[in-house]
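In what follows, a structure is listed as structure tokens, so that the remarks can point back to it.
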Amino acid sequence: MKSPALQPLSMAGLQLMTPASSPMGPFFGLPWQQEAIHDNIYTPRKYQVELLEAALDHNTIVCLNTGSGKTFIAVLLTKELSYQIRGDFNRNGKRTVFLVNSANQVAQQVSAVRTHSDLKVGEYSNLEVSASWTKEKWNQEFTKHQVLIMTCYVALNVLKNGYLSLSDINLLVFDECHLAILDHPYREIMKLCENCPSCPRILGLTASILNGKCDPEELEEKIQKLEKILKSNAETATDLVVLDRYTSQPCEIVVDCGPFTDRSGLYERLLMELEEALNFINDCNISVHSKERDSTLISKQILSDCRAVLVVLGPWCADKVAGMMVRELQKHIKHEQEELHRKFLLFTDTFLRKIHALCEEHFSPASLDLKFVTPKVIKLLEILRKYKPYERQQFESVEWYNNRNQDNYVSWSDSEDDEEDEEIEEKEKPETNFPSPFTNILCGIIFVERRYTAVVLNRLIKEAGKQDPELAYISSNFITGHGIGKNQPRNKQMEAEFRKQEEVLRKFRAHETNLLIATSIVEEGVDIPKCNLVVRFDLPTEYRSYVQSKGRARAPISNYVMLADTDKIKSFEEDLKTYKAIEKILRNKCSKSVDTGEADTEPVVDDDDVFPPYVLRPEDGPRVTINTAIGHVNRYCARLPSDPFTHLAPKCRTRELPDGTFYSTLYLPINSPLRASIVGPPMSCIRLAERVVALICCEKLHKIGELDDHLMPVGKETVKYEEELDLHDEEETSVPGRPGSTKRRQCYPKAIPECLRESYPRPGQPCYLYVIGMVLTTPLPDELNFRRRKLYPPEDTTRCFGILTAKPIPQIPHFPVYTRSGEVTISIELKKSGFTLSLQMLELITRLHQYIFSHILRLEKPALEFKPTDADSAYCVLPLNVVNDSSTLDIDFKFMEDIEKSEARIGIPSTKYSKETPFVFKLEDYQDAVIIPRYRNFDQPHRFYVADVYTDLTPLSKFPSPEYETFAEYYKTKYNLDLTNLNQPLLDVDHTSSRLNLLTPRHLNQKGKALPLSSAEKRKAKWESLQNKQILVPELCAIHPIPASLWRKAVCLPSILYRLHCLLTAEELRAQTASDAGVGVRSLPVDFRYPNLDFGWKKSIDSKSFISIANSSSAENENYCKHSTIVVPENAAHQGANRTSPLENHDQMSVNCRTLFSESPGKLQIEVSTDLTAINGLSYNKSLANGSYDLANRDFCQGNHLNYYKQEIPVQPTTSYPIQNLYNYENQPKPSDECTLLSNKYLDGNANTSTSDGSPVTAAVPGTTETGEAPPDRTASEQSPSPGYSSRTLGPNPGLILQALTLSNASDGFNLERLEMLGDSFLKHAITTVSLSALILDAHEGRLSYMRSKKVSNCNLYRLGKKKGLPSRMVVSIFDPPVNGLPPGYVVNQDKSNTEKWEKDEMTKDCMLANGKLDDDFEEEEEEEEDLMWRAHKEDADDEDDFLEYDQEHIKFIDNMLMGSGAFVKKISLSPFSATDSAYEWKMPKKSSLGSLPFSSDFEDFDYSSWDAMCYLDPSKAVEEDDFVVGFWNPSEENCGVDTGKQSISYDLHTEQCIADKSIADCVEALLGCYLTSCGERAAQLFLCSLGLKVLPVIKRTDREKAMCPTRENFTSQQKNLSGSRAAASGAGYRASVLKDLEYGCLKIPPRCMFDHPEADRTLRHLISGFENFEKKINYRFKNKAYLLQAFTHASYHYNTITDCYQRLEFLGDAILDYLITKHLYEDPRQHSPGVLTDLRSALVNNTIFASLAVKYDYHKYFKAVSPELFHVIDDFVQFQLEKNEMQGMDSELRRSEEDEEKEEDIEVPKAMGDIFESLAGAIYMDSGMSLETVWQVYYPMMRPLIEKFSANVPRSPVRELLEMEPEITKFSPAERTYDGKVRVTVEVVGKGKFKGVGRSYRIAKSAAARRALRSLKANQPQVPNS
């Protein structure tokens, strides 16, 4: 706008355009509408970018205000033209020359070019040295380097001597080119150019074309002269010209304030006094030595400041400032040592007090009297009054107010898909010092010259506001440049000052204050909102200060007011004319200069006449007209995805045609799908041409679907590929909670495997008999055998249990249970089939079946009824034995009949002994017996195993406790029992176990870590003493008919049947997937059995484990590697039907398994200390083996998979070898005789090494012998694994599938977490690849990202999983037979079970007691107390030996916890015997949390680790809230909200389970991981397709045959190879089942990656010149270079017209790297736990690491972007990396070491660097034909050092570490803004301090703060040595 008011105005005529008075209504131009989208002009681009465009186009002189932009322009120009200088110098290659004025500037330029490009740079600064060089020497230099940076003198010498001719230079850069006007080498160099035919491109850089005052004519002349000398056009940057043509110019007003009339004479008097005092000090004749400080300095300063305030603001302010200065002086006086200095200070102090006294005579300082202020101040207040907002504008206001700070805040998240970034509470509380939300219409700055003026003026305005209601709306503050300067050294005091200033700016930005009084520092560099009022209180003295203060008035309607005293006004008018002239000159030079006047003169065009609008629907539809089109285009560009540094804008070029008309060409940013430039028709003027082309553009954008039907940009949500998502409709349920979240839980029936449904045998129908084989494979190690008990291997006795059913049971893997004797391996083998039984037999069997569950195991309870015919799962469990001396097992009918007859079967037999018929002791009766004391507990008698017969004790022996003399006396006194036989021996007994959950070892927690135990000595002493044993008298006990050996096996039944159930369910799922997805076979070959189920960790190690290797002559060598502590060739003992072990010539029925370990011939015994870490099942001793071993490069044994060594591998027999040879670490192939496998190569097609755990990988421990034949004496029913099978062809091991179905809450030995993480990353990869490659060629990254997150969302996966029927199959709660076990043949009795239905809310993770630990503990105590009355102290009561020893506190703590949190509504009676009273009610507190538990006072000493299951850090929660919750199995966990008041679900524990939606989604991912590890990537993709996630293209049946995917061929051919006719049949069935109507093809690589473009190839060559060096560096050559270019092209790089920008490749690469790294970590032989995996993955897959690696491998030198901010951030980051030169972990401690610890500044990590690291991975993937291997070959070498460093020492994010360390007392503040636009976060660790962190986003700042807190906490911790 032309300034309407340049003439001085008297106040009456002062017409300010204030927002309130503006015709557009009061809400136009609100300051918080920050980044307004321009409607009438294209969004301006950064001035550096404009200048670069100009420089590329012609010779240019760049005039900038500061040095900052110069390097950017020079370096980018060099890079853009670098294709001209890469050639060989001797073959017409050119060179780029930088000229600088002085030697010290050379280094600076060199480092800039080296940092940002890979060009070779030569530096020449010393004229003396280089003057002596010969032409040859120079020639070498020119050949070696491509960019030459030299001082002007060196250059002149080189050119003059003809060593280098100008025609060999492609670009000549002059730094500080204004010097060329003088007589300077620059000028001479330019003279040489005059005669040169092909002159180089010239770039002149100058920042000092304007210095101080300057005459416009001179300036113009200077610029013209410079242009002439340098043959260039001068271009100025917009920072020298106010906002060029883009924004409306402010209205400029000069106000004549009139003279000051001093009626009271006070002003004159004060002025005189001050002058005198100043003169006096100046006259003092004090000699000042140069070293010393001037004593008068402070005094002079203070007095002259005071005088200035008086003159500018008047007496009232002078009085105020005098008061402030007195306070300031006091401080100085107190600290001043030197007498003379002190005297001056005291003099000044007195003088200021005098001033104050004078003022007090005239006015009271308390209130403001306007008679005593200058006219300037009065005018200022008048202006401010005009901005007073109107009252009561109610419309919209509050919303406006609330939304106001949207734009002033940083974009919080670094990128769109960072879901984890916390939402920030953005609404700041408005300060209370202004009355209404409308106050903020003013947004103004008053510029003053001196610091004190600012301070006092602020005081004055505040005072005026109190007195004048018109000014009450003002909320002002001042800011002085003190301490803001970037590079000043800062001390504590400055720091505080700095903080204060920052706070002031923050408030101004947030519009909490609306007026800022500032010194000139705010003119430049500080981030301030657009103001609508700028007042120059002191007139600008030079052009720069005029422009910069004016530049602050950027709001659409703004005023720039200059206040002038009458006497100054004349001279200022002159100045102002000068400034205007200078501005005009510079504006003509501005690279976008268009005459600004045009805007006002041009009327609003009636667009329809000129050019018809684009209308969607004729009547009322949205329309784009000529006048609105540009706004639409700007808005569209602003919505394209981009990083925080780049604001994408359209580029419009307008050219004049010969006939005087104009046409425009519009280019959109390169990541818009509309790639072609749009050319508009010729129009009469420039403005119209620009508008018309925008209109055409809108039409095109709408037609390709980029603008929606309201003509607004299409968001990523309204994707036009919705059909791709085919999201199913959300099922209608009444279940509260968001679908897919943890909060939403639903009930599902528990699955029952088909083969066990209704399979109860019927008379006369054929039956199947299965034997439950049990072999003790790992005896309990001594240090865990506290009572020194004898171990009872189950295979020592022949009688065992079997299963009788009417349907066949598929083969399932063997699995372990953990008894008191150690690990027992269970097998289910078919004994006979097709036989029938009579009704009597079946009735007997049925009665015994019920007897086992009701009496032996006591699992019958009122809620359960035995109804074998109605039960869902019904089959019989019955005893088997060797019948009639034959060696085969059969049903033991005789035994069953004996039991029926026995008196002791149910109750206690009433035997009477008397003196006449005394009790006779027979030893053999007690050798394998269970006994029942006959004198107590008649309703539920206790049962004991006889552990030992003490023949040396009799009832007359001494009783262990002093109260009784002898045992006989004790029984007489206590029970009144007389013994008839006084020399019978006594019995040492053990409880029969009531722990029925034997799935995991007693002494390990679920992660396989040993629980803490009390010291062995203590324990040993305890068990040695008689006091702690239970001693019974045989005469007083009855013998139970069930022998102890069988009883011990019966105790295992619930666990065995439960595991059997689960594995069959998993097997069923495997078969179902085989038919749905075509992965694996529907039914397994009969002779195949999967490897054993295993936990991946193993028992704490036996101190004397032996690693024995069988002698090579041993008949049996079916060795397998099993995850056991003992690496043994477990000779065929374990494959036998009844696990018989034909060892050499032994023929006995049962060989004690231990003989295998210690007596095999030729054994190698290695003592192994207990400190073993089970790696992959091959235990190694840390002292023997330094390092970790990578066995055959794969963890092949996850899951106890018997790894059969197939015959394809020849192994040399060797008998002994040092243990180091067991492992092969660095993957070097060993000599062939020590066969180890190399990964990734399939061996002969059949023996597949799997990609990772889950399938038998054939790997042999060197030294095991391998003969392929089955040993001759193996019976037919034993299985020999046949060579053709592997999980790859048959489908995953059911054990692994079970792992994928088991949640961590089930507290089993395995859970789905590791698999889930692998599946999660593969899923992301699969979805990404398909969305990019096959289907969507033109969607940009934001949309792709949105689609991906929709598909992989928990909500979607949950629906798919539910459709697939997973919830019923999942294992969600801990197995606890008394609580949730349903024995076979039982049904839940609906009437009685109501008492048992648990309200879901009360359900504590399916009840902790379930652990089977607590009830035991209680039961034990109760009993022992009875029997061992002689104990001295009750505290010693110790529970059953397999229970850990908890001291009373633990138990009390747990009680408190359970009772306090009302853990169970249904009380499980603490003694499992009183099965009747199962309905106590414990009520539940509303919300159980740590706070509300009534802990015992000694809670602090409670050792968490020992109660592993009870209190645990629950990582699953951390994901969601970033907070760790110490989870007590508290009810609110399992519920959908007691607190939320939603309905509770009640459900039956035996037949139903309650699962959170998210767990189902996790399970889907884990199953995917399971298929991926077992059957490979193709299988995993097919599995996803079968779920309904289309990750492969569908082929119609017809063309199926032609396009069979090679991988599918493999599947099928492998099927064909199955040996034998059966296999062929199953192969055929397989094909039939697979080839349904759908076939899936393979993903194709998208056909094009370059756009059709006439010059495409040439452009490509130019753009990637020099990239061959990069290809060498990463060791990969691109076949299609366009991918390479695309990977490095940033969205701002508009010179690339032939490919897309890197965003889509980055989206792909991100998923690929995430998957490859996760897979690598998953397969690490160290078998990281889920928590560690998560930490490692987030430490390695993050932007910081990727960016650091990108810089390390020079990615940044090839990066193509045109973005000044990004340029500087990368520059900083690279410098920082060079200094640090050491990569760090998580968040990589990227901070500059600042001495002042006050705030921690995290260095900015440029996201773009991490992005190109990812995009290159995507490019290699595409270029190599979608080969993940290729990508990993390139990336693994780069990442390996980090992977190894972190795996050895897992980093955690500082925020998480802090929250884990101090979860209760850590509080993070919301974000605050700092003065330069960054974010500050404060973390308070209550009681330990507050710590601040600063960064560009909330997340960075938060982690910086957390890191400082951690450093401080760790420093103050007492150092505890790591135990």
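The backbone N, Cα and C atoms fix where each Cβ goes, and this holds for glycine too.
Swiss-Prot names ASP1811, GLU1814 for binding Mg(2+) 2. Of GLU1655, GLU1668, GLU1671, GLU1706, the residue it gives for the same site is GLU1706. Among the ranges 175-178, 1459-1462, 1595-1598, the one that Swiss-Prot lists as motif 'DECH box' is 175-178.
If you draw a 10 Å sphere around the CB of SER1869 (phosphoserine), it holds 16 other CB atoms from the protein chains shown. According to DSSP, SER1869 (phosphoserine) sits in a coil region rather than a helix or strand. In this model, the domain 'Helicase ATP-binding' (51-227) carries an average pLDDT of 87. When the motif 'DECH box' (175-178) is classified with DSSP, helix, strand and coil residues number 2 helix, 1 strand, 1 coil.
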